[in-house]
Amino acid sequence: MGCATSAEDKAAAERSKAIDRNLRIDGEKAAREVKLLLLGAGESGKSTIVKQMKIIHEEGYSEEDCKQYKPVVYSNTIQSMIAIIRAMGSLKVDFGDGDRTDDARQLFALAGQAEEGELSPELAAVMKRLWADGGVQGCFSRSREYQLNDSASYYLNALDRLAAPGYIPTQQDVLRTRVKTTGIVETHFTFKDLHFKMFDVGGQRSERKKWIHCFEGVTAIIFCVALSAYDLVLAEDEEMNRMHESMKLFDSICNNKWFTETSIILFLNKKDLFEEKITKSPLTICFPEYTGSNTYEEAAAYIQMQFEDLNKRKDQKEIYTHFTCATDTNNIQFVFDAVTDVIIKNNLKDCGLF
């Protein structure tokens, strides 16, 4: 009888040890799993960050992948030109050269007939002539007064290359493409022995109700803000300033009960566009109380302060802020390295090892 009991005890002890071992392995695995939520208003650069993760931490975009983006590059380019020409009508801007009126008609006719993924030599030539026109350039410089893709000038300045026979989009062309994110896009990659799951959530207002179930167990939130949106209004609401909308959203995320334990990383993005714009368009458009100079350093620091001041739990919660240019791979690589170090440090703290 005694032998049977001790054999059972031994088996139970082995089972208990195995359970403990599995729990420890699961615990270590969980500690190495990082869930990142990418949040921010529409067109703040979230999807570009995801593309950069594919370039930096995965195999990047193969030639075949890049070819798939050709229709998007062409569509973005054509739609940008159409948006500028339409705005000339509403803003009452005349062409520098009267002959361009005929080109504008041609643009609409040819764009309507264009095959997806094609840019005919005729359409490219029409767009090139229009883009070189003084009136079109004047209207482009007023793009804050209407909705225009950030990449408009990047693509329109490259029309010869885009229209060349055998054109294949470059990684930079791919990074610059704009497609509205609907739903949730999930990306997985490994970096510094951590397994990342990154969730990109549609930023437009209509998408926000889909976020909530992603919130639980999130390690960190990367909140993207388009610095250059300080003088723009929303695509969904012509009355609402984009920067104010971003601040409202950041306030609701930063002080949300779901995120008491979550690291919040703030990406003040599109710093390159902001640096270009701030000398021509004063920050007082967005912040009438601002009395500083319209230099990049001072204006950017003021915006950073506006966001960080929204944090109601400064004593317990730190906001980790970075100035970023999502289309610059080196910049994002450097910043993401720093972000990962913060995540590792906070993970160690949670385990009582720091």
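Residue numbers in this text run from 1 along the chain shown.
Yeah, the Cβs are placed from backbone N, Cα and C, and that goes for glycine too.
Annotation source Swiss-Prot lists N-myristoyl glycine at Gly2.
Taken from Swiss-Prot, the feature S-palmitoyl cysteine applies to Cys3, supported by sequence analysis.
On the 0 to 100 pLDDT scale, the model's mean across the region 'G1 motif' (35-48) is 92. What Swiss-Prot lists as region 'G1 motif' is 35-48.
DSSP assigns Thr181 (Mg(2+) binding site) to coil, not to a helix or a strand. The Mg(2+) binding site annotation in Swiss-Prot covers Ser47, Thr181.
The annotation region 'G2 motif' is assigned in Swiss-Prot to 173-181 on the grounds of sequence analysis.
Summarising the annotation, Swiss-Prot assigns region 'G3 motif' to 196-205 and lists sequence analysis as the type of evidence.
Sorting each residue of the region 'G4 motif' (265-272) by its DSSP state yields 2 helix, 5 strand, 1 coil. The region 'G4 motif' annotation in Swiss-Prot covers 265-272 and is backed by sequence analysis.
Swiss-Prot lists 324-329 with the feature region 'G5 motif'.
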(message) Let's see if you can do this one: DSSP helix, strand and coil counts over the region 'G1 motif' (35-48), in that order.
(response) 3 helix, 6 strand, 5 coil
(request) Find the member of 35-48, 173-181, 324-329 that has more C-beta pairs under 8 Å to the region 'G4 motif' (265-272) than any other listed stretch. (result) 324-329
(message) How about long-range neighbours of the region 'G2 motif' (173-181): same chain, 6 or more residues beyond its ends, C-beta under 8 Å?
(response) 42-43, 46-48, 51-52, 55, 61, 65-66, 69, 72-73, 76, 149-151, 154-155, 200-204, 207, 326-327, 329
(message) DSSP on the region 'G5 motif' (324-329): how many residues come out helix, how many strand, how many coil?
(response) 1 helix, 0 strand, 5 coil
